[in-house]
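The disulfide bond annotation in Swiss-Prot covers 31-58, 32-74. Residues annotated as signal peptide in Swiss-Prot, with experimental evidence given as evidence: 1-26.
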């Protein structure tokens, strides 16, 4: 009787191992954990941005600014300076 269930148990084990590896992969995202304390006044050093939403992978909402120096800056989307830089970047892309 046990031999009848062995293929099913083996398949269930493989499926469980696959699902566990997928959930680990989802947690490997680079998320902003804190916001920068610096205030940036000029958009000239920024080349773009990414929006991070708080969901299963990341804990906080953030704007990730990408700088010419290949660095990234995590900013609070509620801050006035962040909204101003986003506006300036959108104007820059409309001109292109």
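Heads up, the Cβ atoms here are built off N, Cα and C, so glycines get one too.
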Query - Integer Cα-Cα distance in angstrom, residue 31 (disulfide bond) to residue 74 (disulfide bond) - result: 9
Report task. Report, as a single number, how many Cβ atoms besides its own are within 10 Å of the Cβ of residue 31 (disulfide bond). Result -> 16
Report summary line: The sparsest Cβ environment within 10 Å, among the disulfide-bonded residues 32, 74, is found at 74
Query - DSSP-derived class (H/G/I helix, E/B strand, else coil) of residue 31 (disulfide bond) - result: coil
Report task. According to DSSP, folded down to helix, strand and coil, what is residue 58 (disulfide bond)? Result -> coil
